[in-house]
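Note sheet for the following structure.
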Amino acid sequence: MNRRLSGRVEASIALALMLVPLAFLALIGFLQVCRNAPEAKAARTEMAQRLKVMELTDAIDSAVRDAESGQRGFLITGSDKYLEPYERARQAIPRLFAELRRETLDKPGQQRRLAELQTTTEAKVDELVATIKARREQGYEAAKAIVETDVGRETMIEIETLLKQIQEAAAGRLQKGLERSEAAERQITATSIEGGVVAALALLAGAWFLSHAYRKAASSERILLATLDSVREGVATFDADDRLLAWNAAFTRILGIAPDALARGANLVFDPITHPAAAEVGAKIVSLREEGRRAARAVLVERKTTDARRLEIFHNPLAGDSSITTLLDVTERRRADEMLLQTGKLQALGQMTGGVAHDFNNLLTIVIGCVGMLREAVGGNSKALERIEMTMLAAERGARLTKQLLAFARRQPLQPEVVAVGPLMTEILPLVLRAVGETIEVECISSGGLWNTIVDPAQFQSAVLNLAINARDAMPDGGKLTIEAVNASLDDSYAARHAEVEPGQYVMFAITDTGLGMDEATKSRALDPFFTTKPVGEGTGLGLPQVYGFVKQSGGHIKIYSEAGEGTTVKLYLPRSDGQAVARPIEPGAFASSAAETVLLADDDEIVRATVAAMLESLGYNVLTAAGGSEALKILEEGTKIDLLFTDVVMPGPIGGRKLAELARAMIPGLKVLFTSGYTENAIVHNGRLDPGVELISKPYTLDRLAAKLRRVLDAESGMAAAARVKAGGPGE
């Protein structure tokens, strides 16, 4: 028994000797786990906080860019619908800063950077508010003047720099937190292994802690990667030897390479033949890293790549000779800036052209009018007739140049009407055949069910003839010219790539030739005024610009497709109209005055007035003349029977042409009125189109053209009836 007791005691002691060390090991393991668990938890909390900081800074960056994008759209178009992202961004920015301030309360360095960022962001918002206010109250030029100070761009660069600094500080702490978390997990794992089978409970507890920490770390890593992959900027980090450590999806996308083309530990080197743009950007990044290492500061440059994209490359050195590089594709932003600049140029050209056109067309009216009457006076004198024809050709050439300038600057008065495309194409075809000659085959294609469009038929014919003549000159040895009309819809994605396009339904006219084509350099300047590839004296450089101005003024869109040696296609998109097509007027056969009709002529230019009066008298009209609106009213008040008021639009004094017409019709209801001007500005033309019911003959004009226009106006229904008809179906002429 004692022996058995002794055996039990020995067994108990042995068991105790076994259990005590096992328990001791388990206790050590348990204590080790308990000691490391809070550190792992703190590391996870720190990681989550840093990720939140990075998320908030990205949100602030997006909000500021959205505000700037909305401001740009409003400056270009003047439409309030573009301010929606701007207003949302302004409301979001204070909330985002408040959240970011809470997340960095225990980080004095981040708080300082955040305060500076908030001040700079508020300055940027103030600049946006100022430009929008200037655009509303003072017009486009005032807003443009603020933008051109470059303060907004410099402020944006400062904001981006501060955001990068905050993110890099957060990223650095995030890396350290991750290392601490991994160290804690390794210690827990080691302790669990030491306990082994003999410390099953400790092993299970350690396994639970390890699994939990791993899931948290994996989740944090997924959030970090998702956050980086969601930003527009391409981000990559490099070690001290210029080897890649990490990058996001946008980095490979902006470089134009496959996602698997990069490898951790590799250098950023690409074959310039297979990846020219990536090779160029990669070389620039390496040189920037060297520059940044020498300067010990951030470096920001803008680079235009071989594939015509514009990239902003931001490089910032980090601790330990590592670095972070950010790529941002700013192609669309720069395109919008260039469009804003082009709009400003067009407005300046329009103002200059309008001022010149009024006086120049007055002079041409005198020349053309006198030459037309001289032609009748010289009889059969062939020498005199030859010189008269030369003078007339020169004057008409000057008139065409002025008209082309006004068309490019979108200042010509259009008389749009709803037209059926099929008959319009039928009218154009004979003109095109005569213009291009017999060496060029012409094919005209119209698809079935073509929509109607609203356009000035005469200006449209002029545009198509311009394109046909350009095509003819591009095919000196002959070729084929195809004119095609089809229905087309431009969707939101197309409009997003072409900021000036309104999505919707259009009738598309494509003019295609098999000629010489254009290289990229020529195509990029094809719409510039006075640019021509023709020899001196053979082209004005205003053909395509005139077409461009006409299409834009008509609310349409123009697109040029061309390659050197492969021909050219010019596509004109004109807006669809749901209205009924207007019947095309038939020109009257005789233009002379009937029953000695009386015309009251009002023009402030004495020589123009005398010339036009002589032209009217030669057509058989009785003519009364007035040097301005006030003098014309006095004649009307005398009660003289007047059949038509023929008035210049732009006249000095309180009573201009439009005001004179209104007062005259109040005195003589149903009075026929014909306006004339070398440049109408906004008196009878709004948004580039004649007001309903308005009849206009633009200076200069020939005797035949004046006769035809007078007869058409005098033989038409009353002005009030014409206005009602126009309102129902479109302009009359």
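Keep in mind that glycine also has a Cβ here, set from the backbone N, Cα and C atoms.
TrEMBL lists 220-262 with the feature domain 'PAS'. For the domain 'PAS' (220-262), the model's average pLDDT works out to 75.
Among the features that TrEMBL reports, domain 'Histidine kinase' is placed at 355-578.
Summarising the annotation, TrEMBL assigns domain 'Response regulatory' to 598-714.
Taken from TrEMBL, the feature 4-aspartylphosphate covers ASP648. Long-range neighbours of ASP648 (4-aspartylphosphate) (same chain, six or more residues apart, CB within less than 8 Å of its CB): ALA602, ASP603, ASP604, ASP605, VAL608, GLY657, PHE675, THR676, SER677.
Residues or ranges marked as transmembrane segment in TrEMBL: 12-31.
For the recorded site, ASP648 (4-aspartylphosphate), the DSSP three-state label reads strand. Note on the domain 'Response regulatory' (598-714): DSSP counts are 45 helix, 28 strand, 44 coil.
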